[in-house]
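All remarks here apply to the structure that follows.
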Amino acid sequence: MKDRIKKLQKEKDVAILAHYYVDGEVQEIADYVGDSFYLAKTATKLKNKTIIMAGVYFMGESIKILNPEKMVHMVDIYADCPMAHMITIKKIKEMREKYDDLAVVCYINSTAEIKAYCDVCITSSNAVKIVSKLKEKNIFIVPDGNLASYITKQVKNKNIILNKGYCCVHNLVHLENVIKLKNEYPNARVLAHPECKEEILNLADYIGSTSGIIEEVLKDGNEFIIVTERGIQHKIYEKAPNKKLYFADTLICKSMKKNTLEKIEKILLDGGDELEVNDEIAKKALIPLEKMLELAGD
């Protein structure tokens, strides 16, 4: 099937992008694999007129907003991120009325409608850098409260206001499981994603995005306790097969696992449904996405 997909892809001039959390076999046929920020940046540089996104819905939306002239397909249109819906436009409007000198910062894990009401987007790989550069004193970060809490510790000259959203995978990591792994493997370093709760991050030797965690594993050291979605192991073992990884809890995103080779082949054969974003919303949502790319500077 992989050979058929690559043949069809070449014939139809289609670029396949995949997030680190999708199954390894999907990552293997993708042209580009990375975290949310890398995929958003990469999409703006592609010459292909059609993009297939193996990830969750907000990723495809962001790519379509940044590339309105391209045809964008989700591998599974129902692969959604629950956290993206854990903030409302009403709440954002209330915060703008309550605070002067306020910037509304949205994690890229948000809907296009929410982005349209925000000032700048962030990802876990550039959040601290971007928030540090904002001129506003008050910063309302949506929708992820755990990421916002982490940023609060890193950017101390801002009044960061937290929302109550969370990642359904990272938020369920059990503290006792991480402690147990640390006791079992005392030489292993703990690498955690900032979507985890503070009690988990307090045990981490390194906190960073999926790309950051991979880079950290590829440095010195042989044993690592990984506190993020298990799909990340595919890229790590591809680059460093002898590293020993120990995962805290199950850590599987069911939405990411909806992306399959069968669905990709079907899109290449039949066309599939094109992802569309309302023109007015897309125009407004483009502003925070472009500001993110500008402030991230890489």
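Cβ atoms are placed via backbone N, Cα and C, with glycine included.
Iminosuccinate is bound by His19, Tyr107, Ile108, Asn109, Ser124, His193, Pro194, Glu195, Thr210 in Swiss-Prot, and the record lists one more residue there from Ser36, Ser132, which is Ser36.
Matching Cys81, Cys106 to the [4Fe-4S] cluster binding residues that Swiss-Prot gives (Cys167, Cys253) identifies Cys81. Taking CA atoms as the reference points, His193 (iminosuccinate binding site) and Cys167 ([4Fe-4S] cluster binding site) are 11 Å apart.
Taking the C-alpha atom of Cys167 ([4Fe-4S] cluster binding site) as reference, the shortest distance to any of the binding-site residues His19, Tyr107, Glu195 belongs to Glu195.
Residue environment of Cys253 ([4Fe-4S] cluster binding site) contains 23 other Cβ atoms, counted within 10 Å of its Cβ in all protein chains.
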